[in-house]
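Worksheet for the structure shown next.
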Amino acid sequence: MELYNEKELDRLNPYQKEAVLDESPACIVNANVGSGKTTVLISKVQYLHHVKKVNYEEMTVLTFTNKAADEIKSRLLAAEPELPVEKLRGFGTFHSTALYYLREYLPVEKLGYTRDFLVIDPEEELELALDLIRQHKLKIKYKNRLKKRLESAMAVRGEEKKVSKYQDDIFDLVRLLREEKASQDKMTFFDLLENANLLLREEIGISLSPKWVIVDEVQDSDSQQLVFLDRLVSRGANLFAVGDPNQVIYSWRGSAFQIFYTLKHKYRAKELTLPINYRSSSSILEAARCFLQNGSPLTGVREPGNKIIVKRQYDAFQDACYLAGRIKKLHREGTPYGEMAVFYRLQSQSGMFEDVFSREGIPFEVSLKRTVGDVPVLRWCIRLLRFSLNKKDTPSGIYVLASREYGEGISEKKAKEIVCNSKPGASLLFDKMCGFSRICEELGNEEALFSYFELERYLNPVSASYMEDRDAVHRLFQIMFDYVKEQQENREAGMRAFINSSSLYGLDVLREEISEEKDSVKLMTLHASKGLEFSCVFITGVNYGLIPLKTRDMDGEEEERRLFFVGITRAKDRLELSYYTNPGERAMPGESRYIRMIPPRLLEGEEERGPAVSLQELKRQVQEQRTQVQERSLQEQKRSLQEQERSLQEQKRSLQEQKRSLREQEPAPTKRVRHPRYGTGVVVREDETMLEAEFEGYGTKEFIKAFSELEYI
DNA sequence: ACAAATAGCGTTTTT
DNA sequence: CGCTATTTGT
């Protein structure tokens with residue numbers, strides 16, 4: 001398709017073009033923030049298909065989030081509407097791709113599974129583990145941290161050394177758990193990748209050998225995902241990976257450090273760079289550059305734009321009030337609400353902004369994920385379906401019968417007896433679940449499914465949430481039937497696929513109410529902001545102790561810096577930072593040193609004042625500032641003392657030179673200020689909070705910077 | 001049964 | 001560092 005060459009490639013800059021056209025069997029692209037990473041990735045896929053004649057089915061495109069996968073797929077489909085979606089089955093998250101391989105290509109029977117296995121969430125695995133501990137009377141220490149202990153124990157790969165450092169039975173538990181999951185035909189997220197890795201290692205004739213593996217955000221890979229990549233590359237796939245080492249903010253959950261270096265050496269990959277940022281104004285970009293670790297060649301193409309605004313606020317409440325006004329003003333001036341976002345460090349900080357914004361009538365959306373598991377009735381329903389589709393899943397059967405809110409409401413002991421001994425006639429609901437396979441294909445619609453299980457009875461009609469629950473279940477069933485209809489498989493297989501995908505992708509059952517107001521200000525943590533962009537970004541609470549968060553070690557500190565970098569580079573046109581003079585216990589009063597790292601010439605002067613405050617408030621703020629100044633000068637004294645010690649020798653050496661240059665030095669430029677009452681004056685003395693100026697006819701006056709009506713001229 | 005010793009957080013979150 | 005939950009020792 002020659003058309004592709006001319007039209008698409010010419011839209012790319014030379015760096016992007018080089019990446020798309022690169023012929024190396026392994027190529028890793030160091031994509032700077034906002035440099036068109038996804039564009040290159042999509043272009044690469046299209047180039048491989050149209051020019052290199054690689055089928056879409058022969059490509060595996062791996063992302064970390066469903067959102068990223070959806071974006072890539074929808075952009076490909078938008079460019080080529082006649083492209084059948086089935087051809088993009090290998091395009092998805094690592095986990096969904098592993099699931100696809102396990103179901104379609106890999107011999108899961110070797111691990112004791114059937115092809116009909118279902119995906120479970122981590123909580124269910126924990127229940128299973130606790131059950132096994134009880135059953136086998138295992139000795140497990142620190143049971144309150146069982147989840148974490150299991151995670152680390154499962155990550156131990158070596159077959160030999162299986163002695164717990166606490167001398168308990170944790171490794172026996174891991175083994176039993178693995179066997180139990182296989183016999184119940186269940187896999188966790190972890191198992192999906194782990195089992196795929198296990199089965200891909202064997203050289204047996206698997207008709208699975210993608211020609212290309214393309215990875216997005218490769219800097220986020222953990223060791224399991226790297227093994228998955230390695231299996232595919234070992235089977236002869238070419239590798240094209242895109243990522244940014246400056247955006248590593250998830251190393252605490254296991255993303256491998258120095259991944260670029262590792263990949264480059266392991267696969268002798270060619271390294272390319274995308275240096276040009278198209279997103280942010282050059283002022284914002286210049287500030288961002290202060291937070292880059294290595295001298296990455298991050299260049300911009302945009303005009304300087306607005307200066308960065310730094311606001312001092314009394315506390316989070318004051319900031320929320322100020323932001324409400326500021327957001328309204330920007331909205332009046334033409335910025336849509338949807339182009340504005342407020343970022344904070346901790347989830348717990350969102351509440352204040354939610355309260356104030358609702359009161360002020362500003363439409364907003366808090367980014368919080370909800371899954372089916374968070375809604376009790378849906379959790380119950382999914383487990384009802386799971387047992388109906390998989391009789392080996394006895395824990396789900398017991399859960400359904402013994403639930404307090406829904407179902408038969410019988411005791412767990414009784415439920416266990418019924419389910420484990422498969423006693424017919426003891427429970428109507430149990431019999432219904434057992435008989436589900438027989439009638440499954442006959443059910444006409446979701447209504448029929450609802451009445452088959454007699455859910456109007458089992459959903460507890462006397463409960464306060466009955467109406468809500470019933471609607472939620474109806475919606476769940478409807479989404480499921482729509483999903484099954486789209487699949488070409490039979491009803492039962494379709495429902496299995498639905499359960500798995502609802503575990504992997506979550507469900508939109510409850511999304512409707514939230515997304516009603518599309519044009520809304522987004523509130524989120526700095527972490528959640530990754531991958532997004534907004535015209536206007538507010539980062540709140542840029543105090544030391546919060547941004548950066550007080551961390552244990554140096555690595556943590558570096559990650560905090562990258563996190564702030566990610567935050568400020570989300571902004572296209574406006575960046576506004578704020579800090580509190582009276583933060584909670586956690587943070588220190590006063591600006592974070594991250595603010596001081598930004599060159600002052602990029603900042604808008606701080607002459608603007610916050611909203612009017614009462615006299616009492618003012619007094620409190622002044623006092624606050626005094627203590628703040630005291631603390632700061634104390635810190636500064638300490639710091640300068642250390643510096644003095646360090647530079648003592650140097651000072652001695654250059655003393656004479658200093659003296660000479662001192663004589664030559666120009667006197668400090670006279671700063672002039674204007675006051676509404678005293679007129680124009682000359683600044684005599686100035687520090688961070690105070691300013692002393694001499695006015696003709698009035699003499700010397702002292703001001704607190706934040707509250708004086710002074711104007712620099 | 002009680003006291004002393006010890007381990008492991010703290011925040012961020014996707015699948 | 002300082003707190004809590006849990007284990008260990010008496």
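Cβ atoms are placed via backbone N, Cα and C, with glycine included.
The ATP binding site annotation in TrEMBL covers A:Ala31, A:Asn32, A:Val33, A:Gly34, A:Ser35, A:Gly36, A:Lys37, A:Thr38. When secondary structure is read from DSSP and collapsed to three states, A:Gly34 (ATP binding site) falls in the coil class.
Among the features that TrEMBL reports, compositional bias 'Basic and acidic residues' is placed at A:633-666.
Across the domain 'UvrD-like helicase ATP-binding' (A:10-281), the model assigns an average pLDDT of 89. The feature domain 'UvrD-like helicase ATP-binding' is assigned by TrEMBL to A:10-281.
Among the features that TrEMBL reports, domain 'UvrD-like helicase C-terminal' is placed at A:277-531.
Under the heading region 'Disordered', TrEMBL lists A:629-678.
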ATP site shell beyond A:Ala31, A:Asn32, A:Val33, A:Gly34, A:Ser35, A:Gly36, A:Lys37, A:Thr38, criterion: Cβ within 8 Å of Cβ centroid: A:Val40, A:Asp244, A:Leu274, A:Asn277
Binding-site residues: A:Ala31, A:Asn32, A:Gly36, A:Thr38 - member with fewest neighbouring CB atoms within 10 Å: A:Thr38
A:Ser35 (ATP binding site) CB neighbourhood, other CB atoms within 10 A: 24
Other CB atoms, at most 10 A from the CB of A:Val33 (ATP binding site): 24
